[in-house]
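Here is what TrEMBL says about this protein:
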COMPBIAS  1-10  compositional bias 'Acidic residues'
COMPBIAS  44-71  compositional bias 'Basic and acidic residues'
COMPBIAS  140-159  compositional bias 'Acidic residues'
REGION    1-25  region 'Disordered'
REGION    41-168  region 'Disordered'
REPEAT    172-204  repeat 'WD'
REPEAT    273-315  repeat 'WD'
REPEAT    330-354  repeat 'WD'
Amino acid sequence: MAEPGMESDADLAAGPDPELAATMGFSGFGKKARTFDFNALFEQTRRTAVERSRKVLEEREKKEAEKEKEPGSQCGVVNSSTALSCPVKRASSRDSSSSGSEDSSDEELIGPPLPPQGSVEDSEDELIGPPLPPGYKGGDEDEDEDDEDDNIQEEEEEDPVKKIPDSHEITLNHGTKTVSALGLDPSGARLITGGYDYDVRFWDFAGMDASLQAFRSLQPCECHQIKSLQYSSTGDAILVVSGNSQAKVLDRDGFPVMECVKGDQYIVDMANTKGHTAMLNSGCWHPKIKEEFLTCSNDGTVRTWDINNDKKHKNVFKPRSAQGKRVIPTSCTYSRDGKLIAAGCQDGSIQIWDKNMNVSGYFPPLICCENDFPIIAFQIFCLHFTGDDTLKTWDIRQFKTPLNSVGSLLSFFPMTDCCFSPDDKLLVTGTSVKKGQGNGKLLFFERETFKKVYEIDVTDA
């Protein structure tokens, strides 16, 4: 006997239990699943496709044979000019007659269209590829245009006047008194101005609206006229030189970073003091070292400073006349590599020192040029001082006489700046006029010939 709860083989063979099927929720419970032979299905499908393709091909060959037997057929005679076009004509006539039929898709030609009628020579002259864009004039003309563009570009490179950035102009109102100092951020995004009204104003070109107002104005040196403003090589610090004896360094937004120490005015030897003791005249940043800057003063010294040490100068240089007397440096600057320091002095001399040539704490002048009048510029450096309304260039290898000189550059201020263009082909300086007597100008001269090549009128102030 079978155990309770166990079904016998006879019960399973008898079929599914109706009560169990109703309980499970579907009627096919207990039936054996159907199996399929996929290989047989694929073989049957392949044979069907082969038979259908053979039938279509036979019908197509039969129709072509009947058309060839018809009199007046265009394809009865085959030549080189019409052999390729006949299948196209047959296909088009067949499409028009059998449009809407079920077999039209099978009878259409597959692939790109055949080339148009014509001889082999004509087909060689035709262009191959996608259609040409509108305005295309051919390869030869394009080469000529490219040559013309290259020639124009070479002419612009040869002509430095075309590189002067004077395409746009705006007027910024600093105040009511003379603007004596300008400084441009290395990126060209900001400008700082200083004047005889003791103010330093910050201008942001990107954030400026139509009113063209400065976003900040301050008086960093109290009641002292601003003489020089310059951004550091990285643009994150500003050197402020004013009429007092202490230069200041501000950050990019005008907040104080450093103030140079003031020296002891009762010490005779200025090399023994920690800082300047008289009014400053000029200053500039080192071109390579972003922490170092240079100042000169009426105390007869030129000093270098480190922005991280405000307690004492780094080095001190003392200009001397031919008789060994103290002379006042009115301007100072570094050479482009930062190895040399130059000062234009009140007696008209230009004196140059090597920073690495230190003899017992004293730096002897490397070159000293004596002149009757103060100098503005020379070839390696750019000094901004004028006394005889002249602009001069110098070669330190032949320092007895200037290379070139131009006069009648009128100026009513103790300092007039000048600078070289980035490619060293032009020199630019400014002139001033009395109020109501015309416009001041920016004048551009060729460095080699000192020929005036361009000028820009400034405002009538």
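Backbone N, Cα and C atoms are what each Cβ position is placed from, and that goes for glycine too.
When pLDDT is averaged over the repeat 'WD' (172-204), the result is 93. DSSP labels the residues of the repeat 'WD' (172-204) in these numbers: 0 helix, 17 strand, 16 coil. The helix, strand and coil residue counts that DSSP assigns across the compositional bias 'Basic and acidic residues' (44-71) are 26 helix, 0 strand, 2 coil.
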